[in-house]
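Q: Quick paste from TrEMBL:
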DOMAIN    B:62-250  domain 'ABC transmembrane type-1'
TRANSMEM  B:7-31  transmembrane segment
TRANSMEM  B:64-88  transmembrane segment
TRANSMEM  B:100-121  transmembrane segment
TRANSMEM  B:133-153  transmembrane segment
TRANSMEM  B:174-196  transmembrane segment
TRANSMEM  B:231-250  transmembrane segment
Amino acid sequence: MSAAAPARYPVPWKLLLPALMLFIAVVLIPLAMTIMLSFHKWGQYTGIEPVFILENWREIWSDSYFHEMFLRTFRIAVAATLLTAICGAPEAYILNRMRAPWKGIFLLIILGPLLISVVARTLGWALLFGGQNGIANKALMSIGLIDTPIPFMFTETGVIIALAHVMMPFMVLSVWAALQRVDPQIENAAMSLGAGPLTIIRRIILPQIMPGILSGGIIVFSLCASAFATPAIIGGRRLKVAATLAYDEFLNTLNWPLGAAVAVLLLMAIVLIVVSSNALIERRYAEAFR
Amino acid sequence: MSKNGPVALIFHTLFVIFMLAPIVVVCLVAFTPEGFLSLPVNGFSLRWFRAIASYPEFINAFWVSLWLGAASSLIALFFAIPAALAIARYQFPGRDALSALFLSPLMIPHVVLGIAFLRFFTQAGIGGTFTALIIAHVILVFPFALRLTLAAATGMNRSVEMAAISLGAGSWTLFRRVTLPLILPGVVSGWALAFIQSFDEVTMTIFLAAPGTETLPVRMFLYVQDNIDPLVTSVSACVIAITMAALILLDRIYGLDRVLAGHSDRSR
């Protein structure tokens, strides 16, 4: 029925054109301009000169400062992604086994923070572990569990934990979606054949939710690699990642061409990683997606 | 189905504490009677909420955020509804590429979008204006508006439309009197989700906002960069309260898991 559209319905071009024009004008053209910008020349006194040079790209390619920064960005993103997978996947499984009212309530509690401002959520971590005045630090010190404040602010560990907290709902959601496709009868069958709970999780559940973990991992990774507010607040000025570096080049140093090159490289790296891992997963789990 | 064991429940408890602790602590500190960051151990006080009133930057930023979210989500729907109907109902070459393009603002890092818009709007001579912010946010929230409208349009029963056509309804009447009312829950939820996304966005907006057009999250971020005091926690608590209200509303009218996952589940 849906294939044969009624004759009096307008042709799709009329419906599509407004959105398409909007996207060409305000997404594709600005992106092309940014790529162009990364090849322009910049001087302290001359500003941006619209010439075609490779200087910005050569600087990123040869300066170890940029290598270290990009390495740190991806190290943090990988660690935060692993953390969300290790905590988020079991939690989704536990959630799925809960009974009716609790299931909905806890799903709301865990997914809800997704829509709360990242600044507010990161602020919470700064309040808990912000040096001497951190509330968790003060409480732990007063009961004598620790002598000095836990080093959290301005450390990579702190950024990783705060990022994992911010991105956790995406992982839970993704694994949750995969669990909805799992037939509970398979689990019962394994149990009736004498499999223990660990065997069931390892041999029955894990293989079936793996696509969910992996696709959740891709989303979390790409968001972590380009995260800005959390690394800026927890990491401070010393612990630079790609997004905060690009921000500084644009709004403090005013070297827009170099900032644009950093941003374009970040975009290319993320797109490359996401597309290739998506392709790998789809080939590996073609069965599960059918 | 078997129940969760004690280990699972302990894990679950720790997990929920981990997820909620930072949010709860922000809300609690907002009620402190002290002049510094501390939990309200000596009674609750609203002094830091009253203090917001004497910071016009925050009040201003709140109104900017509110209008920006409302306007950009509404404008995004004007573009997204026709596009969603076209994608839901027609098979045409390039359909997949087109929906990938329309969903691309989800894929492109917000820092890259921010930089691209900053360059574009500066060249166009409207850098730092409210108009520029609206255009940027229309793009930002478009995928959310599109996805929920698309889910509603895909799940719609078209025999009512056929009946309307057979009774002689013109295409505009058909859309206004039949199609739109049928997809309205999806459209309203799309607007609400788009509004929340716009209201909370900081990374892209920080590149575009100038003094006077700073949104609330941008103002909060810039404030936190300088110093963290109870004032910013009370502002955060207000933002959390607004988001929670919108969230509960969204859950009531459409179901939160469906909104976030973005697929249409008609059994619900």
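A Cβ is built for glycine as well, from the same backbone N, Cα and C atoms used for every other residue.
Keep in mind that TrEMBL annotations are predicted by a computer and have not been checked by a curator.
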Q: Decide whether the stretches the transmembrane segment (B:231-250) and the transmembrane segment (B:133-153) have at least 3 CB pairs under 8 angstroms, with pairs required to be 6 or more apart in sequence.
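A: Contact between the transmembrane segment (B:133-153) and the transmembrane segment (B:231-250): absent, because fewer than 3 Cβ pairs are under 8 Å.
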Q: Given a Cβ distance threshold of under 8 angstroms, which distant residues of the chain, six or more beyond its ends, lie next to the transmembrane segment (B:7-31)?
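A: For the transmembrane segment (B:7-31), the nonlocal Cβ contacts are 37-40, 44-46, 48-49, 230, 233-234, 236-237, 240.
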Q: Which bits of the chain, at least 6 residues beyond where the transmembrane segment (B:133-153) starts or stops, bring a Cβ under 8 A of a Cβ in it?
A: 64, 68-69, 71-73, 75-77, 79-81, 83-85, 87-89, 99, 102-106, 110, 113, 117, 121, 182-187, 189-191, 193-195, 197-198, 201, 204-205, 208-209, 213, 215, 254, 258-259, 262-264
